[in-house]
Amino acid sequence: MKTSNDKKRIGFYQNFDLNDNFDKEKISLYTDYLISWIKTMVNKAKAKGVIFGLSGGIDSALIAALSQKAFPENHLAVIMPIDSMKHEENDLKAIEKNLNLKTKTINLEKTFLSLNQEYGDLSLLAKSNIKPRLRMTTLYALAQNLNYLVLGTDNFDEYFIGYFTKFGDGGADLLPISHLLKSEVKAMAKFLNVPNSVITKKPSAGLWENQSDEDELGFTYHELDNYLIGNDVEQKTKEKIEKLHVNSQHKRDHIYRPLSIEEFLNQKGEK
């Protein structure tokens, strides 16, 4: 049985068909808007530029492309290997060349292994989430030194279901592509000359060896995109998506705080 989320969303697609050609004019206009928005937000913060992690994946490659357009001289793409990133080397080189990026490599493997030894027996997920948190710490150290803002790489699919590490890759000053579906990320990446090998490869957060986003989630990004634009998906897929959304709400909220003394007393009817 198929069902929808009853909400129609406007995007790059035409006639709510993700298999149809996307509207190139919309892609161009929204790309220009995002570049302008990044510039505006950096200027408002009285910062000098932007910094972001570059993994070899499509989301970080798109952030790289937007950053280079917004700040050709004042951007920094930071490559932060923890486990071997040799399988990403060709894509990283292609991204750097195609987009004319300024890059810096900081190897965090020794730091990661040292922390693991100190922590002792951790679950695979707890251990894996140390990686994006180490990268976030590294980006903010460099950002503070350069007076840059940190750009996050989460797209709308990841943001909606909470598929990011709290205070890890979810820790950023700006989330430029957080309103783009995965399919729209691909369309904009193609528009901005991201290498095709990056656009077409299997999505992975790189948390552990041979990890795949879609295998871990139990549904595809294509199914999630269809759900998010209001198209029909299988009932079990809809239930998985909505459960992930509800359970990850704390990731999208500000840090929870209790009532103030005044609010507490007013609630109790006391002064």
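From the backbone N, Cα and C atoms, a Cβ is placed for every residue, glycine too.
These figures come from a predicted structure and were not determined experimentally.
Per TrEMBL, the features are as follows:
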DOMAIN    33-253  domain 'NAD/GMP synthase'
BINDING   G53, L54, S55, G56, G57, I58, D59, S60, T153, K182, S204  ATP binding site
BINDING   D59, E158  Mg(2+) binding site
BINDING   R133, K166, D173, H250, K251  deamido-NAD(+) binding site
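A separation of roughly 24 Å, to the nearest angstrom, links the Cα atoms of H250 (deamido-NAD(+) binding site) and G53 (ATP binding site). Here the CA atom of K251 (deamido-NAD(+) binding site) lies 22 Å from the CA atom of G57 (ATP binding site). When secondary structure is read from DSSP and collapsed to three states, R133 (deamido-NAD(+) binding site) falls in the helix class. Residue density at S204 (ATP binding site): 18 other Cβ atoms are found within 10 A of its Cβ, drawing on all protein chains shown.
In the three-state DSSP classification, S55 (ATP binding site) falls within coil. Note on proximity: among G53, T153, E158, S204, the binding-site residues of the record, the Cα nearest R133 (deamido-NAD(+) binding site) is that of G53. Figure note: comparing Cβ neighbours within 10 Å for the binding-site residues G53, G57, the maximum is reached by G53.
The binding-site residues shown are E158, K166, D173, K251; of these, the one with its CA atom nearest the CA of G53 (ATP binding site) is D173.
The ATP site in the record is lined by G53, L54, S55, G56, G57, I58, D59, S60, T153, K182, S204, and its two most distant CA atoms lie 18 Å apart.
Reported as a whole number, the C-alpha separation between D173 (deamido-NAD(+) binding site) and S55 (ATP binding site) equals 18 Å.
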